[in-house]
Amino acid sequence: MVPHKSAAVIEALKIVQHHRGWISDESVTAIAAYLQMGAAEVDSVATFYNLIFRKPVGRHVILVCDSISCYVMKYGDIYKALQEKLKIKFGETTGDQCFTLLPNACLGCCDHAPAIMIDNDLYKDVTVGMLDRILQKYT
């Protein structure tokens, strides 16, 4: 029995996602059973956090910060260039399953906007000219 079930849910979700890449309905049910909670309660936590993925994603997830700071510093140019290079839009995954492109409300580096994060790697002061070099690290 887990004494603080609600605190354990997010960690359980992160562990499963780390090993499987995303959280399936079966995973929600298994976590709920293990923590002796309702599946709806686990699912509500999973869908609340934007970094818990409830559908399959690519091997690398690109988060594009669309906060006001990044917006002012032309994040739109970065997003447009990524769309063109990867041939996908927000919420989509490349055909080779390499990249998923997602918006993110804030990456916490407003003084170095625009910013993107790929997996756990944060890139600050990003320019369109930097994107090819950045993406090559993940292909």
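Each residue, glycine too, has its Cβ placed from N, Cα and C.
Nobody curates TrEMBL annotations by hand; they come from automatic prediction.
If you check TrEMBL, you get these features:
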- Cys65, Cys70, Cys106, Cys110: [2Fe-2S] cluster binding site (BINDING)
Run through the Cβ atoms and count how many others sit within 10 Å of the one on Cys106 ([2Fe-2S] cluster binding site).
14
Looking only at DSSP and grouping its letters into three states, which state does Cys65 ([2Fe-2S] cluster binding site) belong to?
strand
